[in-house]
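J.: Below are the features I grabbed from TrEMBL:
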- 17: active site, nucleophile (ACT_SITE)
- 17-243: domain 'Glutamine amidotransferase type-2' (DOMAIN)
- 262, 408, 457, 460: [4Fe-4S] cluster binding site (BINDING)
- 309, 371, 372: Mg(2+) binding site (BINDING)
Ligand code: SF4
C-alpha cells in the first residue's frame with residue numbers, strides 16, 4: 001500500500017491533510033515559504049491546496065487567499081504567490097475523506113464574522129460533525145462547504161462573540177468538537193496552533209530568524225531551513241503573537257494514557273524524515289522490520305522493500321536477520337495525480353506502469369518482500385506474481401503492520417470491512433490469495449514499541465477506538 005508518490009493506484013490509503021502556518025515578526029512576506037512548506041507536505045494531500053495571508057500591521061480582516069484543485073505546483077504560479085502579500089499566513093494540502101472533492105471544500109477556510117476575519121487549516125476528522133452541523137443549521141447557520149472543518153470554524157467564530165480573546169473562543173469550541181483535529185488558525189494579529197486532546201494528528205512548532213512556524217510534520221521545517229522548536233502537546237492551544245508564545249494546557253489530558261496518536265502516521269503516512277512527538281518515523285519503521293525478523297524469521301537470500309514506505313522496514317529486517325538488503329523494484333516517479341488509469345480490460349495495469357522488477361536482482365533467489373500494509377490485497381498479489389515472473393524462487397511476504405480489520409473515523413479512508421482482505425480470512429487464506437510462499441504481519445503488541453511507548457490509537461487493527469465510534473458512518477457523509 002503506497003500513496004500518490006508510490007506505485008499503488010488501486011488500493012492507496014490517504015491521509016486527510018497537511019497544515020502549515022507562519023508569522024514573521026519582521027514583516028517579511030510569508031507566502032512563498034508557505035508554498036515550499038506545503039510542497040514538503042504534499043504526500044498528506046494531493047487533491048487541493050491553498051494559502052491565505054494577511055498583514056498584522058494592516059487593516060484588520062484583510063485576508064488574501066488563493067486555493068484550487070490540484071498539486072501545489074499546479075495551483076500556484078510565481079505571479080499568484082507574488083500577489084499574496086502578508087507577514088502572517090496559513091496553508092493547507094487536502095485529500096477528501098469527509099466532504100467531496102471540490103474547490104469550495106479546499107482550505108484554508110476564510111471566515112468573516114463580527115470580530116474580524118479568521119483563516120483556518122484543519123487536519124483530521126470530527127466524529128460529531130453531523131450533530132453539530134445540524135444544530136448550527138437549526139440556528140440559522142448557512143454553510144459554504146460540506147467539510148467538518150467549517151463546523152469547527154463556525155464554533156470558534158460563535159464563541160468569539162462571547163469570549164475575550166480568540167484563543168479563549170478556541171478553548172470553548174474544543175469543549176464541543178470531538179475527534180481528530182490539528183488546527184492552524186490565523187486571526188488578524190495572532191497565529192494559533194491546536195491539537196485535539198488525543199493528539200491523533202501531529203503538529204509542531206518551528207522557528208526561522210524572527211518568524212514562527214506551525215506545521216504538520218517536521219520534515220517541512222528542514223525544507224524551509226527552519227529549526228524545530230517542539231511539538232504542540234495533545235490538547236494544547238499555542239498562541240503566537242509579537243509578545244511571544246503563550247501556551248494553554250488546560251485541556252491537555254491529565255492522564256497521558258488517554259492520548260491516542262495515530263500509529264499509521266509512523267507506519268505509513270508521515271515522511272520518514274519527520275519526527276513525531278520525539279519519535280523518528282524512520283527509526284520506528286526500521287524497528288518494525290527488526291520486530292518482523294525476530295517474530296517471523298524465514299530462510300532467504302534477499303530482503304526487499306516495496307517502495308517507498310516498505311524500504312525502511314526492509315532494512316530493519318535485513319539488519320536483524322543478517323540477510324542482505326537489496327533493491328528489487330524500479331519505480332516510475334512520473335505517475336502523478338492526473339495519471340489515466342488503464343481500463344480493466346487492458347493488458348497494462350497501474351502497478352506495472354508504476355513499478356518494474358529488476359530481474360537480475362531476484363532471478364533464482366528466495367526473496368523476502370516487505371510492505372507497510374495490505375488493504376484489499378490486489379496490488380500485493382500482483383507484485384508477488386511479478387517477482388515470480390522475474391524468476392524469484394520463493395516469495396515470502398512480511399507486512400510491517402497488523403492486518404487491517406476496522407474502519408477509521410479520524411481521517412483515514414480505510415474502506416469498509418468487507419473490502420479488507422483480512423476481514424473474515426485467516427493469514428493462511430490471505431497467503432493463498434497473494435500467492436506467497438509465506439506471509440506474516442507485525443504483531444499488534446509491537447505497535448507500542450514502534451512508538452517507543454507513547455500512547456497510540458491502533459483502532460483500525462484492534463477495534464479499540466479511543467473515542468466511541470459514531471452511530472452513523474460519518475466517512476464521506478457530505479460527499480456528493
Ligand atoms: S484508526 Fe488507524 S488510521 Fe485511524 S487514527 Fe487510529 S491508528 Fe490512525
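For all residues, glycine too, the Cβ spot is worked out from N, Cα and C.
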J.: Of 372, 408, 457, which binding-site residues come close to ligand 1, meaning Cβ under 6 Å from one of its atoms?
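T.: Among the binding-site residues listed, those whose Cβ sits under 6 Å from ligand 1 are 408, 457.
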J.: Can you list the residues of the same chain, besides 262, 408, 457, 460, whose Cβ falls within 8 Å of the [4Fe-4S] cluster site's Cβ centroid?
T.: 200, 263, 264, 410, 412, 414, 458, 459
J.: Kindly assign residue 457 ([4Fe-4S] cluster binding site) to one of the three DSSP-derived states: helix, strand or coil.
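T.: DSSP call for residue 457 ([4Fe-4S] cluster binding site): strand.
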J.: Express the predicted model's confidence over the domain 'Glutamine amidotransferase type-2' (17-243) as a mean pLDDT, rounded to an integer.
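T.: Residues in the domain 'Glutamine amidotransferase type-2' (17-243) carry a mean pLDDT of 93 in this prediction.
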J.: Using DSSP and collapsing to three states, where does residue 372 (Mg(2+) binding site) fall: helix, strand or coil?
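T.: The residue in question, residue 372 (Mg(2+) binding site), is coil (DSSP, three-state).
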J.: Determine, to the nearest whole angstrom, how far the Cα atom of residue 372 (Mg(2+) binding site) is from the Cα atom of residue 460 ([4Fe-4S] cluster binding site).
T.: 14
